[in-house]
Amino acid sequence: MSDRARAAPDRHHGGGACARAACAPGAGRAPDADRVEWGALLAYGALGLPLAFAALPIYVHVPRLYAEGLGLSLALVGAVLLAARVVDAITDPLIGWASDRLPRRRLWIALALPALGAGMLGLLVPPAGAGAGWLFALLVAVSLAYSVASIAYNAWGAEVASTPAARTRFVASREAFALAGVVLAAALPGLLGEGVIGGTAGVGQSAVATEGGAAGGVGASGGGGDGGAAGLARLAWLFLPLLVVFGLWTLWRAPAPPRLAATHAPVWRGLRAALADAAFLRLLAVFAVNGIAAAIPSATVLFFVADVLQAEALAGAFLALYFLAAAAGLPLWTRLSQRIGKLRAWLAGMALAVAVFAWAGLLGSGDLFAYACICALSGLALGADLTLPPSMLADLLARGRDGRAPARSRALEAGACFGWWSFVTKANLALAAGLALPLLALLGYAPGAREPTAVAALGAVYGFAPVALKLAAIALLWHGRAVLDPGTGHDPPGIATCVAPTSVDRRRTGNDGG
């Protein structure tokens with residue numbers, strides 16, 4: 001343990017008088033409160049890679065594997081996927097509530113990861129004769145294990161840091177590893193099997209859309225061909241050591257979450273408390289509208305690349321460009337949020353996405369360079385959507401723990417909030433597909449159509465509808481800036497010292513909330 005860690009009073013074992021004195025008017029800010037060791041950041045972020053790696057095959061490769069490889073009808077596969085996703089979405093808030101009843105974040109993750117690994121193996125390497133029942137059971141098992149791990153993981157990141165700037169760094173580390181995970185999952189099936197790598201490009205939920213994080217950027221989104229059953233089988237076996245290595249790295253070396261008191265509220269009261277908080281509800285509303293703006297092009301992008309740009313073979317290149325730009329943008333948005341505040345930095349990111357993607361609906365056949373520029377710049381904007389919304393949620397939770405929020409806000413629990421967060425993310429994906437695809441059919445578009453009116457309809461739904469929703473999200477965020485505290489992203493003078501500034505340096509000690 002560092003000298004600073006030994007010197008800091010534990011908030012649960014005395015030190016209350018010191019903490020109150022530090023919060024007195026004029027008390028200074030802890031000089032190293034925002035500093036986080038690189039080892040701590042990398043160790044926490046590591047688990048993001050296998051979680052994102054697991055999410056992509058579920059959404060992209062599994063439908064084709066069971067329809068083509070096992071001979072199930074598309075209608076049956078679609079019905080099973082819909083039923084499993086409904087179960088997945090409605091259980092997320094319940095999982096969040098349960099994790100607050102026993103707030104041992106590392107324990108929940110340690111229990112979920114073996115189930116996730118076994119479920120992925122069974123899902124991607126199905127036995128001969130596997131049917132709809134096998135698909136549904138394995139989808140539900142994998143989704144539940146994934147939700148348990150990701151909700152506890154996100155809550156851990158919200159609780160472990162002591163200042164807004166440090167929380168942003170932890171989120172950025174998690175999302176950087178997640179970007180690497182989705183790129184690996186997109187590329188490896190084609191490299192390991194007989195197929196070719198595919199990809200998608202559009203207003204991206206990105207890697208993190210499939211894993212339950214917030215990605216409202218505009219650009220290329222994960223997808224592509226399945227690389228054949230052999231490639232997916234090898235992918236499943238490769239996933240297991242990735243899960244073990246990166247999971248143990250996080251569980252063993254990441255900063256220990258603080259010990260938190262368990263909540264004993266009934267399930268309905270715990271879940272309702274989050275939605276009754278004005279600041280959380282406003283942030284969740286912005287996140288939802290922004291997420292639908294991201295998910296609509298994700299549902300239509302393959303059609304856009306094939307029938308508007310007529311360049312399906314280059315989709316993988318657009319994907320790589322987009323994610324490289326997103327990764328490069330993470331440090332930019334982290335630094336900008338420290339200068340102008342997280343809310344204003346997020347506004348800037350969404351504004352950049354709108355300014356860039358507004359041109360996508362005007363593109364036509366052969367406009368490849370223009371689309372590449374859109375992918376690069378909108379990928380840069382994606383970094384804001386990946387990093388800042390969950391960091392702002394972590395700040396809201398910290399305000400309640402520190403007693404700096406109204407009494408009602410102090411009932412907020414990280415698990416319940418991230419459970420609702422995950423629910424909204426998954427609902428966005430379902431709503432986008434349920435709205436965009438029937439709208440395209442109503443406007444006369446069918447896959448493979450090249451008629452000018454059909455292509456124009458596809459361009460409008462793909463390019464212009466998300467921009468309109470992005471503008472609505474910007475308006476919601478700006479209107480709620482007073483509720484969401486649009487400060488500079490730093491704590492007010494003296495606040496940083498009210499929260500143990502060494503939480504990012506803790507290892508497994510008697511105060512480990514595990």
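Every residue, even glycine, has its Cβ placed from backbone N, Cα and C.
TrEMBL labels come from automatic prediction, so no person has curated them.
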Of 369-388, 429-448, which range does TrEMBL call transmembrane segment?
429-448
I need to check the long-range neighbours of the transmembrane segment (38-59): which residues 6 or more away from its ends have a CB within less than 8 Å of a CB in the stretch?
109, 116, 120, 123-124, 139, 142-143, 146, 149-150, 153, 156-157, 160, 169-170, 173-182, 184-186, 189, 207-208, 210-212, 222, 232, 235, 239, 242-243, 246-247, 249-255, 429, 504-505
As a test: from 279-305, 311-333, 429-448, 454-478, pick the stretch that has the greatest number of Cβ pairs under 8 Å with the transmembrane segment (65-87).
429-448
Outside the transmembrane segment (429-448), at least 6 residues beyond either end, the same-chain residues with a Cβ under 8 Å of its Cβ set are 59, 82, 85, 89, 205, 209-210, 292, 295-296, 298-300, 303, 306-307, 454-455, 457-458, 460-461, 465
